[in-house]
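Engineer: The structure under discussion is supplied below as structure tokens; questions concerning it will follow.
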């Protein structure tokens, strides 16, 4: 059987560039080479695409490798090809892209739209699902509209903060009580997030958040268990066992997720059957109403005594490192890391086949 040519796309122009490299390293090592011909494609922080001998190592070390070269894909569905730019020549045909990109310019619908123009199938959600899930404010509005509980929040733009800090502070303190989380609206991996306990910390937290995004939000603190659920599928998604995170730090921040490895992961999470069912049902509903495909990880806060469940966020391209919850939850559910990647690739191909059924010609009959 002919191997599928899978381009693994990593790096990118977001604050989660390094997280993407860690995820890509794990994926490149786990893809089934009996089924797939793997083509690593890195994106430098300046946006340049590279391939060749060792693009991942170059991005990890910052040392240019003479065996790497600039590449691109053209928005021509008749030619699904990876091109070398200098000299301009064909490198390989591409059957599918696995966009291991986290955050802006990767997980927010931008790359997905480009790949749609190119006619190349890709793992994960499309433009709409990716962009809705990435924007925490829009995500919360839609989830709340569909009866899914989320924490109370106040959103604002960087320009508003720069024009009238006092008004923003007044509005936040009027609507929310300390402690408060301050977040960029369009970033993941806890980059730019602060937990603040007073006005001085609030100002510092907002100053940090606006460095990363033009839209931010302040969100009430929910003193519950941190629960995560992995979802896999297209029109009929299935769920993993839920897992609990017991953070080593005050909350599950960037260091806890990717560096110090001191946070405790409890899989499966010790929850009642009632809560497990509620978490699974809410996760699948969120996946559907946000128009997600392929995979997502849903994060929750759970108040056990009241049996209340709040959706914190949904990640359409969650971390894939060796300590990331998305693959860990599937491993504990009986699905190996390698088989998970294979399933994701075939789900992407199935979705592309469904999209290809759409007619692009119109004639009145």
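Heads up, the Cβ atoms here are built off N, Cα and C, so glycines get one too.
What you are looking at is a predicted structure, and each value in this text was computed from that prediction instead of being measured.
When I checked Swiss-Prot for this same protein, it listed these features:
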type	residues	note
BINDING	173-228	ATP binding site
BINDING	299, 313	Mg(2+) 1 binding site
BINDING	313, 315	Mg(2+) 2 binding site
DOMAIN	140-346	domain 'ATP-grasp'
Engineer: Translate the DSSP assignment of residue 187 (ATP binding site) into the three-state scheme.
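Structural biologist: Assignment for residue 187 (ATP binding site) reads coil.
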Engineer: Using Cβ-Cβ distances, find the residues under 8 Å from residue 201 (ATP binding site) that belong to the same chain and are at least 6 apart in sequence, listing them in sequence order.
Structural biologist: 194
Engineer: Find, for the listed binding-site residues 173, 299, 313, the residue with the lowest Cβ contact count at a 10 Å cut-off, counting only other Cβ atoms.
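Structural biologist: Among the binding-site residues 173, 299, 313, the sparsest Cβ neighbourhood within 10 Å belongs to 173.
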Engineer: Report, in whole Å, the straight Cα-to-Cα distance of residue 315 (Mg(2+) 2 binding site) from residue 222 (ATP binding site).
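Structural biologist: For residue 222 (ATP binding site) versus residue 315 (Mg(2+) 2 binding site), the Cα atoms are 19 Å apart.
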Engineer: Using Cα-Cα distances with a 10 Å cut-off, which of the binding-site residues 173, 180, 208, 215, 299 are near residue 315 (Mg(2+) 2 binding site)?
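Structural biologist: The binding-site residues close to residue 315 (Mg(2+) 2 binding site) (Cα within 10 Å), listed in sequence order, are 299.
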Engineer: Can you check what DSSP calls residue 299 (Mg(2+) 1 binding site), collapsed to helix, strand or coil?
Structural biologist: strand
Engineer: Count, for each of the binding-site residues 180, 208, the other C-beta atoms lying within 10 angstroms of its own C-beta, and report the residue with the smallest count.
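Structural biologist: Ranked by other Cβ atoms within 10 Å, the binding-site residues 180, 208 bottom out at 208.
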Engineer: According to DSSP, which kind of secondary structure is residue 222 (ATP binding site) found in, if we only use helix, strand and coil?
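Structural biologist: Note: residue 222 (ATP binding site) is coil by DSSP, not helix or strand.
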Engineer: Sorry to bug you, but what's the C-alpha spacing from residue 187 (ATP binding site) to residue 313 (Mg(2+) 1 binding site), rounded to the closest Å?
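Structural biologist: Each residue's Cα considered, residue 313 (Mg(2+) 1 binding site) and residue 187 (ATP binding site) end up 11 Å apart.
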Engineer: If I take the alpha carbons of residue 173 (ATP binding site) and residue 299 (Mg(2+) 1 binding site), what is the distance between them in whole Å?
Structural biologist: 25
Engineer: Can you give me the same-chain residues 6 or more apart in sequence from residue 215 (ATP binding site) with a CB-CB distance under 8 Å?
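Structural biologist: Spatial neighbours, sequence-distant, of residue 215 (ATP binding site): 135, 137, 155, 156, 157, 158, 184, 185, 186.
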Engineer: Out of 180, 187, 208, point to the one nearest residue 299 (Mg(2+) 1 binding site) in space (Cα versus Cα); all of them are binding-site residues in the record.
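Structural biologist: Answer for the nearest of the binding-site residues: 187.
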